[in-house]
């Protein structure tokens, strides 16, 4: 799987960072999923190879505008791009009427079926290759994280089962390897029943706003990637007197270290953190605070940067 960050700023955009949006890209590269859709997300997409036509589903973590205000515009552009495939949007129930009324009031016609599903009722969303579940987080409003788990990754034929059932080698095996249903000796065989994963499924967690990382304990242990907000550093919190429902880099890093997370990606940085090394506070303050508590692979997400989760288990920036 790959991650491509479309927005990494908290609350408001900056010249270098847009507000929250993260693309999760299937290992095959053919389809992708969007977590959160802050204002201007569709503009960011224009600077990537991602196509709205290949978007399988949208997941919104919570109701705050920096995570959802880009949704109506993105949907309208999807319609104007000629998309015809249904699109499922999993989002807080309170936003459903807002989306529908916005489209009606703006006389926006969608040539595809828009399916709005309440995130509060989501047990598991599935495609052919991924399962998505939720974990409840802690914020000023209800917020969730989305857990992406691969289904049967890089499937290969279960030769032992085929031999055990006496299914003769030949062209039929090739059909089964494609997951097709075939007839053998008068019986229907579903190819998916004869495929097994060639490696363990990978698990990637993309979180909404959260001030209690420990709520992720059950799903984060041994996770391949945890994407979590680090809105502040401890030094800033000590000056401002509160986190306003957000986490510091130190809090997230300590949790990730204890949970054994292989790759920690920090995002959703306060606009006060500068990229200019001559100004303070600097974004490196976030990195330094996290590194003091976390020994795994640490990444500070950058807008429009794509990251690849390789076979070695490391998440690394793509060229």
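In case you wondered, yes, glycine gets a Cβ from its N, Cα and C as well.
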Taking 209, 211, 224 as the options, which does Swiss-Prot list with 66, 67, 268 at the Zn(2+) 2 site?
209
Let me know which member of 96, 139, 282, 293 Swiss-Prot also records as binding Zn(2+) 1 at the site of 62, 64, 209.
139
Counting all other Cβ atoms within 10 Å across every protein chain shown, which of the recorded positions 66, 209 scores highest?
209
Can you tell me the CA-to-CA distance separating residue 64 (Zn(2+) 1 binding site) and residue 268 (Zn(2+) 2 binding site), as a whole number of Å?
13
Quick check on the binding-site residues 64, 67: which one has the highest count of other Cβ atoms within 10 Å of its Cβ?
67
Pairwise CA distance, residue 62 (Zn(2+) 1 binding site) versus residue 268 (Zn(2+) 2 binding site), rounded so that it is a whole Å:
14
Output, ordered by sequence, the same-chain residues six or more apart from residue 139 (Zn(2+) 1 binding site) with a CB under 8 Å from its CB, or 'none'.
62, 208, 209, 210, 211, 245, 246
